[in-house]
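Report on one structure; see the data block that follows.
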Amino acid sequence: TKTISKCYVQVTGMTCASCVANIERNLRREDGIHSILVALMAGKAEVRYNPAVIHPSAIAELIRELGFGATVMENCGEGDGILELVVRGMTCASCVHKIESTLMKTNGVLYCSVALATNKAHIKYDPEIIGPRDVIQVIKDLGFTTSLVKRDRSASHLDHKQEIRQWKRSFVVSLVFCIPVMGLMIYMMVMDSQLSDAHAHHNMSNEEMEALHSSMVLEYQLLPGLSVMNFLSFLLCVPVQMFGGWHFYIQAYKALKHKTANMDVLIVLATSIAFVYSFVILLVAMAEKAKVNPVTFFDTPPMLFVFISLGRWLEHVAKGKTSEALARLISLQATEATIVTLGPDNVLLSEEQVDVELVQRGDIVKVIPGGKFPVDGRVIEGHSMVDESLITGEAMPVTKKPGNTVIAGSINQNGSLLISATHVGADTTLSQIVKLVEEAQTSKAPIQQFADKLSGYFVPAIVAVSVVTLFAWIIIGFVDFEIVEKYFLGYNKSISAAEVIIRFAFQASITVLCIACPCSLGLA
């Protein structure tokens with residue numbers, strides 16, 4: 001007897017059904033090749049061959065000679081079928097043992113485990129030898145009722161509605177509070193430039209300058225050390241920090257728990273530090289009843305949150321659109337199939353309706369006019385026109401006669417066809433497309449991965465730089481106090497030099513954090 005082995009070859013460079021036909025036609029002629037089945041979307045060829053005559057590497061070489069890329073796939077476990085069943089009527093452990101032992105004795109079943117508590121059976125089988133219907137029949141013969149675990153056909157796990165809502169809310173909250181903050185900022189800038197013009201023209205003394213400064217509405221002090229500007233900014237910043245930044249805090253916490261630093265950690269770091277620092281500075285100024293209003297960074301968090309939540313919102317909207325398309329694709333799949341048994345001379349003996357997941361490779365499926373093809377297959381008998389626009393986009397129906405291939409999900413138009421199933425379940429063209437789109441959704445763009453990897457180094461680096469800044473200024477201050485005095489304007493003369501230095505060093509290091517942090521990288 002000839003031993004038949006099976007191997008899988010990854011094939012690249014196939015563009016359409018004619019490539020598939022080309023490979024199949026040419027390889028069938030070769031010695032030692034028993035059968036070949038090529039799946040276009042999966043880019044995979046399943047070859048059954050006689051190992052005494054030909055080797056997998058030689059098969060791959062034959063495909064390469066036809067102008068395609070081909071590599072032999074080592075892990076051939078992908079050919080195993082997996083079946084999830086609900087089994088009713090089990091009462092005790094001996095029932096479980098009975099089912100398991102009977103199935104394991106059955107030819108073609110590779111693995112089987114039955115859980116009494118959940119009434120579920122998990123079975124791995126070789127689709128070449130046995131199929132899901134045979135397995136179900138074995139269990140029925142033992143006296144239990146069984147049915148398939150219903151798979152969720154809607155693409156609910158690809159639904160981005162909740163994320164879209166959450167980021168939209170985050171964006172709107174941040175925006176509402178950001179606009180006044182920006183207004184205040186611009187107003188301050190304009191007033192400042194007018195002041196410096198006035199200063200340039202009328203060589204005023206610094207005292208007059210101070211008087212003019214404090215006469216501005218926003219610089220008016222509600223309490224000593226607390227100006228209107230800072231108070232308003234603080235009020236506007238709190239809700240953004242709480243509600244706008246809520247999701248960032250959660251993500252950042254999760255990232256830090258796993259000892260990684262991602263984009264969210266950066267954003268949270270910058271905004272929290274800007275906010276906390278500004279708040280503390282205000283408290284200190286109020287405690288000292290300072291005459292000059294401290295420089296705060298309350299404008300940083302709202303603006304950052306606005307840009308970043310806008311970006312996230314748009315990203316999820318885009319993903320949602322793909323998901324919608326995917327959900328529509330999934331809904332194109334047929335749910336049932338009519339399986340027929342043929343006698344000699346293709347005489348119909350019987351037909352039965354089964355769930356599409358129970359169709360096995362090699363089954364003969366009957367498709368009536370107006371029906372959908374439940375699986376990919378080859379026409380055995382009948383002539384018809386088929387609408388394959390769901391895959392090809394071509395609105396004109398395609399003629400199908402015995403020997404032609406048909407695609408799952410396409411619609412049969414005028415004649416009844418008998419097809420032999422070649423790709424079933426997750427191997428059909430439609431399932432493969434759905435899988436590709438799902439993978440594309442879950443995987444990140446290379447540049448995005450790069451940014452995440454970068455922020456892994458970026459966060460610690462920035463923190464390090466700001467710490468260095470802190471210590472550098474403390475050292476400079478104690479070595480040469482005049483430098484600090486030159487840059488640290490309007491500090492209270494009544495406090496000690498050491499305190500001035502420390503405070504200035506902190507201000508410098510916080511500035512580094514706030515400015516260098518997530519702005520450009522995060523927004524990009």
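Each Cβ is built from the backbone N, Cα and C atoms, and glycine gets one as well.
Annotations in TrEMBL come from automatic prediction, not curation.
In the predicted structure, the domain 'HMA' (5-71) carries a mean pLDDT of 87. Feature annotation from TrEMBL assigns domain 'HMA' to 5-71 (among others).
The domain 'HMA' feature in TrEMBL is assigned to 81-147 (among others).
Only residues 6 or more beyond the boundaries of the transmembrane segment (171-190), in the same chain, are considered here, and those with a CB under 8 A from a CB of the stretch are 218, 229, 232-233, 236-237, 239-240, 243-244, 298-299, 302-303, 305-306, 309-310, 313. Per TrEMBL, the feature transmembrane segment maps to 171-190 (among others).
The transmembrane segment annotation in TrEMBL covers 222-244 (among others).
The annotation transmembrane segment is assigned in TrEMBL to 265-287 (among others).
With a cut-off of 8 Å between Cβ atoms, the residues of this chain six or more beyond the transmembrane segment (457-479) that come close are 261, 265-266, 269, 497-498, 500-502, 504-506, 508-510, 512-513, 516-517, 521. Sequence annotations record features per position, and here TrEMBL assigns transmembrane segment to 457-479 (among others).
Summarising the annotation, TrEMBL assigns transmembrane segment to 500-523 (among others).
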(message) So if I exclude everything within five residues of the ends of the transmembrane segment (222-244), which remaining residues of that chain have a CB under 8 angstroms from its CBs? That is, six or more out.
(response) 169-171, 173-174, 177-178, 180-181, 184, 188, 271-272, 275, 278-279, 282, 284-290, 293-294, 296, 298-299, 301-302, 305-306, 309
